[in-house]
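Trainee: Take this structure, written in structure tokens, and hold onto it; I'll ask about it next.
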């Protein structure tokens with residue numbers, strides 16, 4: 001599976017390692033950073049757990065986790 005990741009700068013699409021078959025998007029509201037919302041994108045074997053102030057979305061299609069300000073594709 002190919003997922004968008006914030007582990008690189010700029011954000012790019014990477015092929016996930018074996019065993020990591022999910023893409024995720026984790027967004028944290030302003031409580032996490034003085035700069036506003038924090039967005040984390042990447043690959044995962046299981047959907048990351050969510051804290052009360054976070055929104056976590058997981059999916060299993062290529063590039064299904066775009067940055068909220070990025071157009072899909």
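The backbone N, Cα and C atoms fix where each Cβ goes, and this holds for glycine too.
The disulfide bond annotation in Swiss-Prot covers 3-23, 16-43, 28-32, 47-58, 59-64 and is backed by similarity to another entry.
Any idea what these are sitting next to in the structure?
Mentor: Every protein chain shown contributes to the tally, and the Cβ of residue 3 (disulfide bond) ends up with 27 other Cβ atoms within 10 Å.
In sequence order, 1, 3, 5, 14, 16, 17, 20, 22, 23, 24 are the residues near residue 43 (disulfide bond), counting only same-chain partners six or more apart with C-beta under 8 A.
According to its DSSP assignment, residue 32 (disulfide bond) is helical. Cβ environment of residue 32 (disulfide bond): 38, 53, 54 lie under 8 Å away, each six or more residues apart in the same chain.
Contacts of residue 58 (disulfide bond) defined by a Cβ separation under 8 A and a same-chain sequence distance of 6+ are given as 22, 23, 24, 44, 47, 48, in order along the sequence.
Packing around residue 59 (disulfide bond) is summarised by its Cβ count: 15 other Cβ atoms lie within 10 angstroms of its Cβ, all protein chains included.
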Trainee: For 23, 28, 47, 64, listed as disulfide-bonded residues, tell me which one has the smallest number of other Cβ atoms within 10 Å.
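Mentor: Counting other Cβ atoms within 10 Å of each of the disulfide-bonded residues 23, 28, 47, 64, the minimum falls on 47.
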Trainee: Is it possible to get the count of other C-beta atoms within 10 angstroms of the C-beta of residue 16 (disulfide bond)?
Mentor: 18
